[in-house]
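Copied over from TrEMBL, here are the features:
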REGION    40-67  region 'Disordered'
COMPBIAS  52-67  compositional bias 'Basic and acidic residues'
TRANSMEM  86-111  transmembrane segment
TRANSMEM  131-153  transmembrane segment
TRANSMEM  174-197  transmembrane segment
TRANSMEM  203-224  transmembrane segment
TRANSMEM  245-277  transmembrane segment
Amino acid sequence: MDVLKGFWTSIFWGMYDSFKGTYTLFHLDKELNRRRLSRYSPTHSNSPVRRRQSESRDQTPVRTLQKHEESTVMSRILQCGLLNGAIFLCSIIFFESAFLPCMNMVIMFLFGQESSSGLSVWFWIDLLLRIFFQTTWVVPLFTISKFINNLWFQDIGQSAYRYSRGRSNTSLGLSKSVADFIFSAVVEVIFLVQAMLMTYNPIYYLGYGLYLIHLSLLYSLYAFEYKWGEMGWEIHRRLTCIETHWPYFIGFGLPLAMLTQLSDSFIISGCVFSMLFPVYIISANEANPVAESCSRIKIFSPVIAVTNALFSIVGKGKKLTAQRPVAQHQHRR
């Protein structure tokens, strides 16, 4: 009974913490700008020398923050909403719900509602319009928005970390950071594949439930990764934390996972994710996972095994290609 109570309590606090960012984002920019201004404002002291220095500084105008020094978290979030919601998502909805139905009405008006030739013409026009829209608008904008979103997410993550914890504690070298980034990216992709495999469970609701659990953990990992990266945590430590506090992280990522599943379209789900994820980054920086209430589940173990196998194969391939010219040279001699 205590384990069950701790399980649901952890899920509740995870869901509660996922909404913390909605409150924090209204104060984050103001607080960060205030801290930056305080560095340049004169400080007063009881020491005569310090007092004279302070008085001389008081006579000079207080330095104001330059435009590039101001915190821009709120503007970044608004930009995410504008790009992914007002431009990208609305254009898809307009195309599917307004433009195509209007074109269908025109074709049916010209050829007649029951005309087989009209239906045939509309089939090809609908197909060509969708291909044209996807190739000239959706795919290019989706690719560009992914790149821009990642830059904005990184900016938001760094600002949120400074707000909640101060300066970054990263101690990894450049080569180690790059290796950790590549390894974590591969882990996340394979874990997403593992999540999708859950949907093939013959019991539909069980499979969909397992898929949502995987997606919730993955979204939590996405959000906390910015915070843990600034703290200098390597990928194995991050995954251990997720596996140890898994009920909490299920609750944390569940709202976003459910909202992104409202549409069957991968593109629309991506737009919804990109609009809401910045708030999750801020929430993750404010959150503190509750004490473990259940035993650790090694849900990432299959993913780690596959990733290690892939990297070992790639490493052996590089060694073979490097040794082959040497072997040929020795054979010639």
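One-based numbering along the chain as shown.
Glycine is no exception: its Cβ is also placed from the backbone N, Cα and C atoms.
Caution: TrEMBL annotation is automatic and unverified by curators.
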Same-chain residues near the transmembrane segment (174-197), Cβ under 8 Å, at least 6 residues beyond its ends: 211, 214-215, 217-218, 221-222, 225, 234-235, 238-239, 300, 302-304, 306-307, 310-311
Spatial neighbours of the transmembrane segment (203-224) far in sequence, C-beta under 8 Å, 6+ residues away: 14, 188, 191-192, 194-196, 238-239, 241-242, 246, 249-254, 256-258, 260-261, 277, 280-281, 283-284, 287, 299
